[in-house]
Amino acid sequence: MTSKHFLFLFFFIFCFSSFPSHARFIPGRPSPTGLVSDGISTVKNLPYLLLKPPVSAEESCEQSYGFLPCTTTVLGNMFLIIVYGYLMYLAATYLSYGSELLLEILGPGIVGGLFLPMLGALPDAMLILVSGLSGTAETAQSQVSVGMGLLAGSTVMLLTVIWGSCIIVGRCDLHDSVAIDGTNTKGFNLKESGVSTDIWTCYAARIMAISVIPFLIVQLPQALSSTSGRHLAVLIALIISLLMLISYCVYQVFQPWIQRRRIAFAKHKHVISGILRHLKKHALGRLLTDDGEPDTEIIRKLFETMDENHDGGLSPSELRALIIGIRFEEIDLDQDDAVSKVIADFDTSRDNLVQEDEFVEGIMKWINEAKQTGGAYLESNAGTFKFIDHFHQQTKREHALLGSEEQSDEVVENVENPRWISIKAVLMLLLGTLIAAAFADPLVDAVDNFSEATSIPSFFISFIALPLATNSSEAVSAIIFASRKKQRTASLTFSELYGAVTMNNVLCLSVFLALVYVRGLTWDFSSEVLVILIVCVVMGAFASFRTTFPLWTCSVAYILYPFSLGLVYVLDYVFGWS
């Protein structure tokens, strides 16, 4: 059988199974009235043979925009969900591609902090919006569960299936609880392989956990079994959600600047610890007296060895020679910047020279800071303390957790023909927005019709199917990015996942709450809210206080997905929460 015949056969079987058929039936027993049956006298539904519609008016579907197809059959609606879902996937892809082009032209800041998170959540927001705008308030109340299913499903899928998959594809060998970039010799060892991220990813996870506050507020009247304050609770939750959305966007805009400042400060602390360790080595470990205080005599002798021209002051060139001799190979150090900051710490007279007394006072201040940070670790048989070494290791670890400066100080590279790329970016964004706006309503209708045809609650259909359409491009890019097996790419990947969930919890929830408040709908989503709270709080707490995730942690994420579905079913259909 040729491929053309096979395709025709498939299409024929699909069409045949998608629509009901009717035939004449001649009964064998005689009619009590003495009349001869025409074969359709006992048929209650309107058949094709009478040239009337195959379904009653009550079972008919309404075409979106008056021309898009619709059906009341199971396979027909499944086909429409696949088609419209693919169009929403295209919309998300165009929006993502256009955002990347815009970022390439304009760089981070306003674009990376404000537009990109909103554009990423736009398809979900569109679907939620149209789910509550359809027809009367009764129709909207029945269809709004599609929006809640999408909201909960997107959050759960990002933090469970996609999160766990990124752990698997991005795993590297772990050494001292830190993943080694590009090495994967341990295979699927649950404890000795995993992923490491920077400290900024922990901050993103904490913000994600905090973003569930509006869910708690809107759920408070139901938790207290109160019916009078539900509408007011929706309004308060909406206001707080909008304020959190604005705050998050402002943070995203200024986050690169904050990150640069933090990295610069971490580098300066590491230079301080490196100089102290260098001085301790040349003082044969005798920087402190027996009672643990800085030994000023030893410090003065060290100053004399560093003062090469013996003019009583350390010039920038002499400090630069000191820093070059220490060799800070583990960090990308700007030596001139490091020298200027050391002089700023020491030079109280502001003459651009570090005098002997200034040097002694500065080193004593550094030693006291190191003691507060590193602790008084007694070094056996050395007559001094090893907190300086501990301080040095700690500053090195802090700098590694903050990530590389490439990540925070991205520079917009010169691109060829920026005008054409700008036009292409705008066209991609417009096309993605138009597709999402045009096919969001038909997709919601198809889900609702499929729910009626199969008697499956629309929440479960939208929970499973719709996130695959709106988040699949983001999921694929996250998994591909994580597969590069580097700490920097892993940090970016998980930060994007936490950021996407945060936008779901503030932007998409704001749209949902606005619909409920304006249209006077009933907030009756206790089980769905509980699932979102559990997944966000568990994964947020899990990722907020650790930067290394062994391979076994992916199982925790995977288990949460079926657990979420099962919990909603049990609460709604066993305990009757809905």
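Including glycine, each Cβ sits where the backbone N, Cα and C put it.
Owing to the predicted nature of the structure, the values given are computational and were not obtained by experimental measurement.
Here is what TrEMBL says about this protein:
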| type | residues | note |
| --- | --- | --- |
| SIGNAL | 1-23 | signal peptide |
| TRANSMEM | 74-97 | transmembrane segment |
| TRANSMEM | 109-130 | transmembrane segment |
| TRANSMEM | 150-170 | transmembrane segment |
| TRANSMEM | 200-220 | transmembrane segment |
| TRANSMEM | 232-254 | transmembrane segment |
| DOMAIN | 294-329 | domain 'EF-hand' |
| TRANSMEM | 421-440 | transmembrane segment |
| TRANSMEM | 460-482 | transmembrane segment |
| TRANSMEM | 494-517 | transmembrane segment |
| TRANSMEM | 529-549 | transmembrane segment |
| TRANSMEM | 556-575 | transmembrane segment |
The domain 'EF-hand' (294-329), counted residue by residue under DSSP: helix, strand, coil: 22 helix, 3 strand, 11 coil
Spatial neighbours of the transmembrane segment (232-254) far in sequence, C-beta under 8 Å, 6+ residues away: 109-110, 112-114, 117-118, 207, 210-211, 213-215, 217-221, 499, 502-503, 505-507, 509-510, 513-514, 516-517, 523
Contacting positions for the transmembrane segment (150-170) when only residues 6+ beyond its ends and CB under 8 Å are counted: 124, 127-128, 131, 194-195, 459, 462-464, 466-468, 470-471, 474-475, 478-479, 482-485, 489-490, 493-494, 497, 500-501, 504-505, 508-509, 512, 528, 531-532, 535-536, 539, 549, 551, 553-558, 560-561, 564, 568
Interface present between the transmembrane segment (200-220) and the transmembrane segment (556-575) (three or more C-beta pairs under 8 A): no
Model confidence over the domain 'EF-hand' (294-329), averaged pLDDT: 78
Feature contact check the transmembrane segment (74-97) with the transmembrane segment (529-549), CB under 8 Å, 3 or more pairs: no
